[in-house]
Amino acid sequence: MASRNSVAVIALFAFVFAVISPFAGAQSLAPAPSPTSDGTSIDQGIAYLLMVVALVLTYLIHPLDASSSSYTFF
């Protein structure tokens with residue numbers, strides 16, 4: 001019975017060693033480069049923001065223009 005347990009322990013140790021040993025020679029991954037932003041993306045973001053502001057102002061001002069008495073659709 002003792003030899004059976006020792007064989008099981010040796011088999012378990014061999015299995016764990018076989019699974020872990022390939023990772024011993026593995027190289028660590030290189031760190032990812034830090035994200036950088038260039039001026040073009042910042043300019044594009046500002047342009048989109050200004051376009052949204054212009055669109056909102058257009059929709060806010062247009063109903064005031066349409067409600068005047070001199071405005072006709074045809």
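Using N, Cα and C of the backbone, Cβ positions are placed for all residues, glycine too.
Annotation comment: Swiss-Prot describes 1-26 as signal peptide, evidence class experimental evidence.
Residues annotated as pyrrolidone carboxylic acid in Swiss-Prot: Gln27. All chains included, 5 other C-beta atoms sit within 10 angstroms of the C-beta of Gln27 (pyrrolidone carboxylic acid).
Under the heading 4-hydroxyproline, Swiss-Prot lists Pro31 (among others). DSSP assigns Pro31 (4-hydroxyproline) to coil, not to a helix or a strand. Other Cβ atoms within 10 Å of the Cβ of Pro31 (4-hydroxyproline) number 6 in total over all chains.
As annotated by Swiss-Prot, O-linked glycosylation site applies to Pro31 (among others), with the evidence given as sequence analysis.
The 4-hydroxyproline annotation in Swiss-Prot covers Pro33 (among others). Neighbour density for Pro33 (4-hydroxyproline): within 10 A of its CB lie 6 other CB atoms from the protein chains shown.
If you look up Swiss-Prot, you'll see Pro33 (among others) marked as O-linked glycosylation site, on the strength of sequence analysis.
Per Swiss-Prot, 4-hydroxyproline is recorded for Pro35 (among others). Long-range C-beta contacts of Pro35 (4-hydroxyproline), restricted to its own chain and to partners at least six residues apart, with a cutoff below 8 Å, are absent.
Per Swiss-Prot, O-linked glycosylation site is recorded for Pro35 (among others), and the stated evidence type is sequence analysis.
The GPI-anchor amidated serine annotation in Swiss-Prot covers Ser37. Secondary structure at Ser37 (GPI-anchor amidated serine), as computed by DSSP, is coil. Non-local neighbourhood of Ser37 (GPI-anchor amidated serine): empty, since no residue in the same chain at least six residues away has a C-beta under 8 Å from its C-beta.
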